[in-house]
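**Student:** Sharing the features that TrEMBL gives for it:
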DOMAIN    64-324  domain 'ABC transmembrane type-1'
DOMAIN    358-585  domain 'ABC transporter'
DOMAIN    662-958  domain 'ABC transmembrane type-1'
DOMAIN    994-1227  domain 'ABC transporter'
TRANSMEM  59-77  transmembrane segment
TRANSMEM  97-120  transmembrane segment
TRANSMEM  177-196  transmembrane segment
TRANSMEM  202-221  transmembrane segment
TRANSMEM  282-305  transmembrane segment
TRANSMEM  311-332  transmembrane segment
TRANSMEM  656-677  transmembrane segment
TRANSMEM  718-742  transmembrane segment
TRANSMEM  804-829  transmembrane segment
TRANSMEM  899-921  transmembrane segment
TRANSMEM  928-948  transmembrane segment
Amino acid sequence: LLHRRLEEDDMYQVLPDDASQGLGEELQRYWDKEVRMAAKELRMPKLTKAIVKCYGKPYAVLGIFSFTVVIQPVFLGKLIQYFEKYDPDNMDALYEAFGYAAGISLSTVALTVLQIHYYYHVLRTGMKIRVAMCHMIYNKALCLSSAAMGRTTTGQIVNLLSNDVNRFDEVTTNLHYLWIAPLQAVVVISLLWYEIGPSCLAGVAVLLFLMPLQTMFGKLFGSLRSKTAVLTDSRIRTMNEVVSGIRIIKMYAWEKPFSALVNEVRREEISKIMSSSYLRGLNMVSFFAASKIIVFITFAVYVLLGNTISASRVFVAVSLYGVIKITVTLFFPQAIEKVFETIISIRRIKNFLLLDEIERPNIRFTLEEKKDASVEIKDLICYWDKVNILIKSISQRTCLPSHLPQSSLLSAILGELPHDKGVLRVKGQLTYASQQPWVFPGTIRSNILFGKELHPQKYEKVLRACALKRLLPDGDLTLIGDRGATLSGGQKARVNLARAVYQDADIYLLDDPLSAVDAEVGRHLFEQCICGILKNKPRILVTHQLQYLQAANQILVLKEGHVVARGTYSELQHSGVDFTSLLKRDEEEEPQTNNNHSVVKHAFSQNSISSHTSSMHSVKDGAEQLPELVQTVAEESRSEGNIGASLYFKYLNAGASILVMLGTVLLSLIAEVAYVLQDWWLAYWAGEQEKLNINSTMIVQNGLNITQELDLRFYMGIYAGLTLASVIFGFARSLLMFNVLVKAAQSLHNRMFNSILRTPVRFFDINPIGRILNRFSKDIGQLDSMLPNTFVDFSQSILQNIGVVVVAAAVMPWILIPVVPLLIIFLFLRRYFLQTSRDVKRLESTTQSPVFSHLSSSLQGLWTIRAFRAEERFQNTFDTYQDLHTESWFLFLVTSRWFALRLDGICAAFVTVTAFGCLFLRDENAKTAGAVGLVLSYAVTLLGNFQWTIRQSAEMENMMTSVERVVEYSELESEAPWETQKRPPPEWPSQGLITFDWVNFSYSSDGPVVLKDIKAMFRPKEKVGIVGRTGAGKSSLASALFRLAEPEGRIYIDGVLTSEIGLHDLRQKMSIIPQDPVLFTGTMRKNLDPFHQHTDEDLWNALQEVQLKSVVEELPNKMETVLAESGSNFSVGQRQLVCLARAILRKNRILIIDEATANVDPRTDELIQKTIRDKFRECTVLTIAHRLNTIIDSDRILVLGAGMIQEFDEPYVLLQNQESALYRTVQQMGKAEAASLLESAKQVMDVKCNCFPKGGVIFKCTYSNIVPPVFYIFQIY
């Protein structure tokens, strides 16, 4: 294993006792019981109670292991007494001394064995609680009601899973010290009383003063932790939105306001973390300083009471204080700190677990009921947060041609929308295809099968019906990334539909599945899938593509939550209600309406067969182009080998200059010298006293014989000075180091965030969101709190160890004989351990990313998962990811215990050698008891400290993998600069002339070329439609224009070469209305105008233009209302209108519309068209569209195929040429549609010719009567 990198396959399978599912279900049972009990007793349920009941008993037993052996200092004292009363001839005393030396050795070995078991079991218990809690959090996330989803965010849930649950790992290690520390203190005080009498009470008083002080620190930690957690939630939520909406942020050139937003939250978060770190620093110094102050006060009182100090008394007291120093002044305050932090985390988790759940009866249907599947709704009133939607009595097979209420109706049928009154009965199993296609990371096959078995014939049939045959280079085994980043919108829609179709359900709910695909594929899906493979099943289809309505058994028209028309196509026609006009504003002139309906009906029946063949043919043709846009998901990178010194330098240099670093080192050395000199001075003082006692020097003064005594004021003065120096320098060192390390965390976070903002878009397409969020949550969490703590602890411990060895060697040079080989063995073991543990730690980091990705993906597809009743399967997948993470975590735990056992074993050997060595060399140099005492007490100190230091150095190096991962993301490839020295004129572009000059475009240097030899000119104020099959390169044209990747060739806008100017200068001068509208958390004002460039009046006017003014005025704080995550409290149509308002505010000469109205209802569609006609009359508009009727009235149409321009001319001219691609595409849509489109193109041509004989252009506002209402989706003037 030393010669190659560890992989996931090398890990052992998780132990059955540690499996996520078992642990989670066990704790869930206790929690459910607690919730029921609390409801009976009318109180709030307590999560702590459930945890204690589940894990309390086995954990309580472990406390026995941690009760440190207090007997060791007693043996030490007896051994030193032997040297004080040294008599070479007294063999009995020598044998007794050997017994004491053996006692020291055995107690050390016992301590080693006990502590290994203690740490293994408590850490494993912490792991179990954490894993069980993660299982419960994810399980809860799958059950959240829609109202509850509004009260939490993805960021908060990710933070619960990444940071809050980690408190259980930390608290279980220290919790037992809350009772062990006071108990040990009592035992030690009684032994000290026996040794030095009442003087020990002075030291105890200091201890008693420290304990409440540290308890207060612990409470402060808790309050700071809760404030930090809220800010961390906010930062991760914002990061989640930034990563999800990065394309839009880049196209709008909004990186700077988002950077400011994240930096502001981060600044507040860091100020809280800095306060916690200073408290931690004080706590840590109190551990080092407390022992010094306690020993100083104890012996100051002892001497002032008239006692003379002796080596045995000094070092027994020092050793006894040493025993409780660790438990009382380090572990006890740490336990308090962790308990308070854990209480906050438990409260946050409990609040999440108590959120409302969706109520869904688990009904099993009989075969008879399945045969007679139906949906019955009667007088139904539902509400989303008190907004009523009234739906009256419908049943059977229905086609819904409207937008907002129909999704709510499907939600009600699915059980997602709670109903207030009325009847809603569903007979049969439901399946659902969502309006916004949802795919999860995995293969296309796994997305379609969705847990069902593969039946090859049925599967092939579904692939064909959903136009997915020969879709991608690796077929259906192509991996798709997070959020389906590697698929186009149309491909996602078809995979989404295929998933629903493959399920063997009784009722199919299809929420607008045809909007994201082009007309040919749409017809193919309708005929082969919806009316083909599903023809014998009840289907409720939501659509605003009216050409399909006559195939419905029943049509239900909803308007503002009410049923306004219902019946078959012919019933609605004969009723005299022109139901198609209900979908949009009443038209002034509708002479063609009735005629159109009959034409469409005729066309639909006449051409269904020919259309089927043509669409099959075209789908196969198109398949050749599809692979071009598919990218593969990159495997997460993992570094190999040692953590180099350069990484430590980068880390420290991020927080301080070289001068400050040198100052910190100097301060640390001074603190350590003062620390060691204090002990040495005490030993020297005891030695001088001993010499006086042995020689009993008498001097004659004024005729009186007086026993010579030491000058107490001199010795006490120096002792007090050294104590004060060690405390002051210790505090200064600790606070300065924490300051440097927290600043380093802040600096590295900012660098990583800026690097993420500046990296090209492709990075986000090939890296799942969970992988990026893992860096910003888990790794930054380590840098913020765990790493500074370990780093400071390690640096103080290593200096202490050097000091100990130097002093011991100065007193007894022979001690270096065992120290040197010991050090070599230590370093060899450390190197051997780190080669494995570093890899295990890196694996532990990378195996956590899928957990976050799976959570993020599940939250996006929650409705689909619940509609398919796939919660259990997704829970099992989550448990599998958790188990994989547990495998690496457990491996890290056992390798650490392996290492600790060997370290403690070697230290025990060193103590044994020293203890017996002192006895074997008893005659040499006439040893003083003080020297022996110092060496022995230091050897025992070294036992704990040395192995702790090595362990902390290993822990620090393992934690440095987080720094390594953060640094890796802060050195990503950067896109072109935002601003360059060459700035375009302020009024540029004044015309809006766009020229593509032999442009080739690829999303990455090694990726396929998606645009080939594009040469075209878009004239000023021209309206151009861009059409082509999925994968033809339509959206890539916009990407090339915005330089989302650098194109080859030249693109000019008003004569300025775009590749020579900064990206922000370019992107801010163009507007885009994207296919997927993106809103961000923040105020409505910030969503419209993040740079504060516009007045309130401008903003209200823009909202008025898009008819959102009344909606925003109804919000609680109007423009200052903070929107829900991703703007989820707005409908898709409203979000699209906000994007349009942004475009209006920017007043740019160039507007790109990328399939902007694919997912909106006809009324919103028409509003968008009308606004574009009015507001962008003077602009160059490029419209990318699947549907030809959308762009048939453009000035010119650009047809793309396989990334190349097939033709570019006026629509009427192209339709006159029977060889043209546009003509062929139009003919494939059926005779009626072809005739209608030709007529529209002709009328546009006539209008132009009549109004501008010299070739000018007119844009007319009353075009809605040209395109027949039945085909009316949206149109460009």
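Glycine residues also receive a Cβ, built from the backbone N, Cα and C atoms like all the rest.
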**Student:** Which stretch from 97-120, 311-332, 656-677 shares the most C-beta pairs under 8 Å with the transmembrane segment (899-921)?
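**Tutor:** Between the candidates 97-120, 311-332, 656-677, the best contact partner of the transmembrane segment (899-921) is 97-120.
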**Student:** Same-chain Cβ contacts of the transmembrane segment (311-332) under 8 Å, 6 or more residues past its ends?
**Tutor:** 68, 70, 72-74, 76-77, 80-81, 83-84, 174, 177-178, 180-181, 184-185, 188, 191-192, 195-196, 200, 203, 207, 210-211, 214, 284, 286-287, 290-291, 294-295, 298-299, 302, 679, 682-683, 686-687, 690, 928-930, 932-934, 936-937, 940-941, 944
**Student:** For the transmembrane segment (202-221), could you work out the same-chain residues 6 or more beyond its ends whose Cβ comes under 8 Å from its Cβ atoms?
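**Tutor:** Contacts of the transmembrane segment (202-221) (Cβ under 8 Å, skipping residues fewer than 6 from its ends): 185, 189, 192, 276, 279-280, 282-283, 286, 290, 293-295, 297-298, 300-301, 317, 321, 324, 328-329, 332-333, 336-337, 339-341.
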**Student:** Top stretch among 177-196, 282-305, 718-742, 804-829 for CB pairs under 8 A with the transmembrane segment (656-677)?
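**Tutor:** Of the candidates 177-196, 282-305, 718-742, 804-829, 718-742 scores highest.
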**Student:** Give me the mean pLDDT over the domain 'ABC transporter' (994-1227), rounded to a whole number.
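**Tutor:** Reported value for the domain 'ABC transporter' (994-1227) is a mean pLDDT of 81.
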